[in-house]
Amino acid sequence: MLSVNTYNLQKDFPVDLPLMENVASLFCAKHCPSAISLDITFVDEEKSALLHGQYFNDKTPTDCMTFPVDTPESSEAVLGEIVICPSVAKKQAQEHKTYYKKEIARYLVHGLLHMLGYEDMTQQQQSIIRAQEDLFFTHLLEKKPLINKCLYAL
C-alpha cells in the first residue's frame, strides 16, 4: 500500500494536501502499483530557487522538481520526492487560464511521470509527457469524477 507524505513548507498559497494525496495514490495505483512511499513537498519561491540552483544549476524558482529514489518497477519501490512551488503554479494557472488546483495536480502528475522515466528535454518528449498527463486526467474524470471536480474548485 502506498504511503503518500505531504509537507507544506510555504504559506503563500493554500494547498489541498488530501486532494494531492488522492491524485498521487490514484496515479500510482494505475502506473506503479509496487510503490510503497512518495513524498510531496510544497515550497516557496526562495526554497524552489535554492533547490533548483543546487541540483539543476539554475537559480530561478521552478514549478516542479523530481528526486527519484527507486525505479517504479522495483518491488516495494520508494519513489522519492516531488517538490512543487505553489507560487509558480498560481502564476502559470493565470497565464494558461486554468484552475490553480488543476495546475498543482498537473505538476504532481508531471513529476510522477518523470519518476516513471519520461523526459521533457526535447519538443517531442514534451509532447509525449503532456499527452500522458492529459490521458491521466481523462482517466480521473471517468473513474473519479468527484476528485476531478475538486481540481476545478476555486
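From the backbone N, Cα and C atoms, a Cβ is placed for every residue, glycine too.
Those TrEMBL annotations? Automatic predictions, nothing curated.
With a cut-off of 8 Å between CB atoms and residues at least 6 apart in sequence, the same chain places T66, P68, D120, I129 near H114 (Zn(2+) binding site), listed in sequence order. As annotated by TrEMBL, Zn(2+) binding site applies to H110, H114, D120.
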Cβ-based neighbourhood (8 Å from the centroid) of the Zn(2+) site, residues H110, H114, D120 excluded: C64, T66, G111, L113, Y118, E119, I129
Neighbour-count leader, CB within 10 A, binding-site residues: H110, D120: H110
